[in-house]
Every structure is written in C-alpha cells, then in structure tokens.
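Chemist: Mind having a look at this structure? Questions to follow.
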Amino acid sequence: MSKTLLIVESATKAKKIQAFLGADFVVAASVGHIRDLPKREIGVQAPDFRPQYVINDDKAQTVNRLKKLVKEAAMVYLATDLDREGEAIAWHLEQVLKPKNYKRIKFNAVTKKAIFEAIKNAGDIDYKLVAAQEGRRVLDRLIGYLVSPLLTILANSPLPLSAGRVQSTALLLVVQRERAITGFQPVDHFKLKVSFPNPAGGTWSAVWLHKPLQETFGVEKTDIFTDQATVQAIAGMVQQQPVFMIYRVEGKEKQRKPPAAFTTSTLQQAASVKLGFSVNTTMSNAQKLFDAGLITYHRTDSQNLDAEPVEEIRQWLTANGFEVPEAPHTWESKENAQEAHEAIRPTVIADKMPSELSEGTEMAKLYKLIWERAIASQMQPAVYFATQVLLLSQVKVRDQHLQFLAKGRRLLSPGWLALTADDATEEKSEDSDDQDESDLADLPPLSENQQLTCNKVDQITSTTKPPPRFTEASLVKALEAAGVGRPSTYGAIIQTLFSKSYVGAQSRKIIALPLGCFVIDLLHGRFSFVELEFTRIIEGGLDKIAAGQTNFKTVVSYQYNILEQEVNRVKADTAALESSAAASTELFGHLVECPICKKGRLRRKGSSGSYFWGCTNYPECTATCREVKAKGKDPEPDLDTIRTKDSEDGDKPERVLSEENCPKCKKKKLALRPGARGPFWGCTGYPKCKATYEDDNGKPVLEKAQAS
C-alpha cells in the first residue's frame, strides 16, 4: 500500500512529525536547500537573469533518497518552512523530484494540531514568494561576483576580498560609527544639584534649569551648559541663600504597556543583552526549539499573537492570580513588516520549562526568555505616579529667580513587571549622562508655596561622550531600522564581517578594523549598493515581488543596470588603482609568500584559541601551518610545520639549512625562510633564539644580523 510522503527541512523536525502522523506517512528531511547556484561560476546572465541551478555536491545522496520515496508515494506534501526561503526550497523540491501528486502545506508550530490543520488546508506553492527569494539570491550573486574580484584588484590585495549587498552596508554602518568615535571632540559641561532632607529618611534633589537663564540673557538655548565660571558663581550664591519656594507641583498616573512578544530581531537583541548570546547562537537555538515543537516559527516580524494563544495566555494568567486587561493588547504593524505569521511564543502556554530542556542550557535560557515575553505581552500595564516639582531659588539674576526641577516616580501597580524585570533589547550605555526614568525615586509630600532649605549644593562636571560602538544587538536594531536585509540573515552577515577581518570585537563591542575601513573607502562613493537608502529601495522591491506588485526581472534589471555602469566606470579608473597601492602595501605587506605554490600568501585564519595559517591561493593550494608567537611580537606562521591536504608527508618544501650554527645561540642551524621583504635566514631555535640574517644568493650574511 502506497504511503503519503511529507518533506520537511530538518531531521529533528521529521522525527517529531513522524510520531504525530503514524505508519500511514513517511516523513523525510531535505536538510535545507537541495540545489543552488554553482560555486565556481556566476550562474546568472543578463538580460533574463534566470539562475542556472545545480544540485549541491553534499545533497546528491539526499536527492536520490527523496526521489525513491517520491516514486513510492501516492501523495507528497512539501512542508518546508513558511517564509520566502522555505517557499523556495519547496519549489526546488518540486522541480527536482517531480512528484505527480503534491501539495504545499505550512505550519508555524511543530505540534500535532498544527500539522493536521496544515494538511487539512493544503494549498499550492506561492510563486510570488519564490520569485522574491530568487531575486534576493540573484542580486547577492551579481554583486558578489562582479564586485568582489574588482575590489581585490582595486585594493591591490593578495587576499581575495569580498563585497555584498547587505554585508557592505552593514560594514559601512560600523566604519561610520568608528570614525564618528575617533573624530569626536569632547566638551566639558556643568550642572548644579541641590539636595533637601527627606522626612522619611535620606535626601531628595533638584537640578538647576539653565535654559531660563539663557533666555534671560538673550543667548541661544543649549542642551548642555559649558560656562563653568557661571555655575561656580551660582553655586556660591545658592549656598549663601539656600531657601527655595515650591512654585508648581504636577503629579499624574502613567502607564507602561508591556512589550510585545518577540519578533526575530527583538529576540536577537534581547538574547544579546540579557543572555550574552551572539545572533548566530540565538538563531541556532531558536531553530532547535522550533524543530522540537517547543516554540512557534522564529523567523517573523509580526509583534502580534493569534487570537487562540492570546486567550490561552489570558486564561493562564487568571488561573495563576494575575489580573488581565479588559481587552487583549495589540501592536501596530511596522512599515516594512512581512507578517506572514504571528510573533514568537511557546507552543504550550502553560509549559514554563518543558521537560525536554535542561535548566541552565542555552536552549533553556532562550525558551525562558521567549515564554516570559509572550506571557507578559498580555498582562496589565505597570502603573506609576510620576511627580514633577518646579522650585524657585531666592537667588535672582536680572530680577529672575533661578529655577530648579525635581522628578520622582512611585510604582502603584507592577502589572507585567511582576513577571519579568524589564524588556531590555539594547545595552545601557555606560557613558550616558541621562538619568533613566526607571531609576527615579519617590519624592516626599510637597505643596505649592512651601518653603524649603537645601542642605547641600553640588557642582557636577561631565564630558560629552562619543556615540557608543555597536554591539551585535544595536547593529541588528540599526540594520532593521534602516530597512537593510532581513533579521533571519543578520547572524550570517555579522559573522562574515568577522571572518573577513573587516571587524573585530572588544568587550562585546564591534570595532572596525583597518581592512574594513579600507574596503569601505574603496566601495563608498563608487557603488550604490553600499548606500543605506539604495539598499532599502531594493529591499522594498523584493517585498513588492512577494506581494505581486512587481516582477523579478524589473527589480533585478534595475539593480544590474546601475551596477554594470559602476563596475565599468571603476575598471576605467586607473588613477584609483594607483592611489590604493600605498594603503594596500601597509595592510598586506607583512604577509609571507606561500612556500608551496609561490603564488599566494600565508594568512592567519581560525578563531580565538585555535589559529592557524593558510594560503590565500586556496583551494588551488591547500598549504597550512601552525602559528608561533614570541613574547612581545605579533603571531607568525611556523613554516617548519607547513603541510598540504593531499600529500602523504606534508609536501614540505625542501628545507635549506646553513652549514654553520647560529652565531648568536651557537646551538642551532639557520634556515632560509620567505619573508614579506624577500628571503632571510632565521635561527631554527626560534622562538628561544630570535636571530635573523640577510640572504645573499642563498647564503646567510652572518656579519649583518637583523634587528629582532
């Protein structure tokens, strides 16, 4: 008897769904895309831009297995993920496997109910979504293949450099922020704070308002006050006349609405801030939670939950002693939101920590964050009583009393804060001078015309701070705000910037490295795809394809025509090539020639704690070697350990040793080594002996020891 075949993307998900469907179904996994553009050629040609797809080398076995299952099946359900990427995978499966009877099904949670509901409502592939995904893939390929080699030439680089439609725009943001920081001119500014005793204990304070004084003197109002002498003079007068009168007291209730359930980007931001996760770590663990049926689909930009889970949340809150608002909370759609499905939530509302998860693991921490946020989104607002008090000093300037302002806040009802302490999605800047309203204390009972005497006058000196460096969380927020890329791709984009040595990290802050700055200097002003506004327009074009408002060829042709003109203009600009030569020498001059192929150079690769050196001529040359690092010196390739992938003995180049021992240590021979400025002789006892000597036609010049 023929069975029904259901194809999903991951093996974990397949196993989970198989348990729901039983023996009448076979559930198999494609393990992501089964075909893509070719790796070694562009695979796209104008004027139609139709991609030439090939089956991925590592998917041949999977495709053969799926073809066999399709032949044996009476019906095939394509159950790939429900975003554009998933729709494209479903289409590729249909094109390659050619099932006679098939339907497209979509579900946003791996639960028995969701699966059967999806089968019941099976439909067709949405070719508009497929076209939008294909447009993104083609645009990325065109820019990568046309610009990256040109960038490498323009940079006079021995390393293959890369440019990308979203990658380069993200790098632009980081470089611009870095330059804003390095070019920042700090300015000292001054405040005056007066303190009063609180009958309940402690003190409360008010801050001098400098703008009324500026208005009195007819000068421009500024956000900061830079005249230290004036502040010192006023402080002296207030100390002499410390009596104040309360001129106005204003108090009112304020509500703080709970945050919405997570979108992809807000989950990435919150996990970065509260859990210290990278974007890739967040997305990897979210995928595992989704595949295990514990959360709904994690690639979404909707802030709203569906009506049924909202009702379940409200029932859970009531059962657990929490008040719920009269009507469920909803949020307005963002301008460029796709919103194909609801915000991220747990699949079982009452399951605060599923038995499948182990406390303290990354998956458990992320699940807890998602659960708390989803539940909190439907709780009562937090209610505060906020007070503002305007005080007039006895001190007058030009017959005007000096004005001081005090602010206070008292929590009346915690609302959603009873469940989760905050809704932080970005780090608080350590450099900020502004007081967060959440840090305000309550003021004592005060009434208008009441007279008070201050018991302390403080002069506060501050310095303006540069904009903070991006963290992964704040870079994600900036990219989304600019309409650049999609949150589901941000992790890969940020990782690429790190892997290309365009950016580095310091205390979780992203720093633009010299190579990244150099790349932006070469791209910015020459290529439109780097610009934020242009990238946003292209993203809008892809959204219109998905909505059926335009077509694939229109959007791709528009970008390609501009790109082609810019590429040709740069190719003809020989002056640009000459101007970049000096900068490239400074950046790349230290790289050592590969002793195996003699074409590439050895470049440091790997990640923290596991670095090695590899040839830039890869994959033609697979030479690698270990790293050696002497105290006080930069890391270097250990050429004595050089190997290639295919050789039995490592294919080491023949080692040339000196006849004499090293004149410095008198123990080890000298070895001829390649260097950035030509061959030289170095002691084989390195790093214990760091002696080096010039080379003269294959012999060491022993009387000319180089500085080490």
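Along the chain as shown, the residues are counted starting at 1.
Each Cβ is built from the backbone N, Cα and C atoms, and glycine gets one as well.
Unlike curated entries, TrEMBL annotations are predicted automatically.
I grabbed these lines from TrEMBL:
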type	residues	note
ACT_SITE	Y297	active site, O-(5'-phospho-DNA)-tyrosine intermediate
COMPBIAS	423-440	compositional bias 'Acidic residues'
DOMAIN	3-112	domain 'Toprim'
DOMAIN	126-567	domain 'Topo IA-type catalytic'
REGION	423-445	region 'Disordered'
REGION	631-656	region 'Disordered'
SITE	H33	site 'Interaction with DNA'
SITE	R136	site 'Interaction with DNA'
SITE	R137	site 'Interaction with DNA'
SITE	D140	site 'Interaction with DNA'
SITE	Y145	site 'Interaction with DNA'
SITE	R299	site 'Interaction with DNA'
Chemist: May I ask which of the recorded sites R136, R137, D140, Y145, R299 is closest to H33 (site 'Interaction with DNA') if we compare their C-alpha atoms?
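Modeler: Among R136, R137, D140, Y145, R299, R137.
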Chemist: Far apart in sequence but close in space: which same-chain residues, 6 or more away, have a Cβ under 8 Å from D140 (site 'Interaction with DNA')?
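Modeler: Long-range Cβ contacts: G164, R165, V166.
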Chemist: Helix, strand or coil for R137 (site 'Interaction with DNA')? Use DSSP.
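Modeler: The three-state answer is helix.
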Chemist: Do you know offhand how many angstrom separate R299 (site 'Interaction with DNA') and R136 (site 'Interaction with DNA') by C-alpha?
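Modeler: With distance taken Cα to Cα, R136 (site 'Interaction with DNA') is 17 Å from R299 (site 'Interaction with DNA').
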Chemist: For R136 (site 'Interaction with DNA'), write down the residues of its own chain that are at least 6 apart in sequence and whose Cβ falls under 8 Å from its Cβ; none is a fine answer.
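Modeler: R136 (site 'Interaction with DNA') has long-range Cβ partners R84, L542.
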Chemist: I'd like to know which of the recorded sites H33, R137, R299 has the most other Cβ atoms within 10 Å of its Cβ.
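Modeler: Output for this query is R299.
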Chemist: Tell me the Cβ neighbour count for Y145 (site 'Interaction with DNA'), meaning other Cβ atoms within 10 Å of its Cβ, over all protein chains shown.
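Modeler: Total other Cβ atoms inside 10 Å, all chains included: 15.
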Chemist: Taking helix as H, G and I and strand as E and B in DSSP, count the residues of the domain 'Toprim' (3-112) in helix, strand and coil.
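Modeler: The counts are 42 helix, 24 strand, 44 coil.
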Chemist: Taking DSSP three-state, what's Y145 (site 'Interaction with DNA') in: helix, strand or coil?
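Modeler: Helix, per DSSP.
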Chemist: Over the domain 'Topo IA-type catalytic' (126-567), work out the mean pLDDT and round it to an integer.
Modeler: 92
Chemist: How long is the line from the C-alpha of Y297 (active site, O-(5'-phospho-DNA)-tyrosine intermediate) to the C-alpha of Y145 (site 'Interaction with DNA'), rounded to the nearest angstrom?
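Modeler: Given the Cα positions, Y297 (active site, O-(5'-phospho-DNA)-tyrosine intermediate) is 33 Å from Y145 (site 'Interaction with DNA').
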Chemist: Around the Cβ of Y297 (active site, O-(5'-phospho-DNA)-tyrosine intermediate), how many other Cβ atoms lie within 10 Å? Please give the count over every shown protein chain.
Modeler: 23
Chemist: If I take the alpha carbons of R137 (site 'Interaction with DNA') and Y145 (site 'Interaction with DNA'), what is the distance between them in whole Å?
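Modeler: R137 (site 'Interaction with DNA') and Y145 (site 'Interaction with DNA') have their Cα atoms 12 Å apart.
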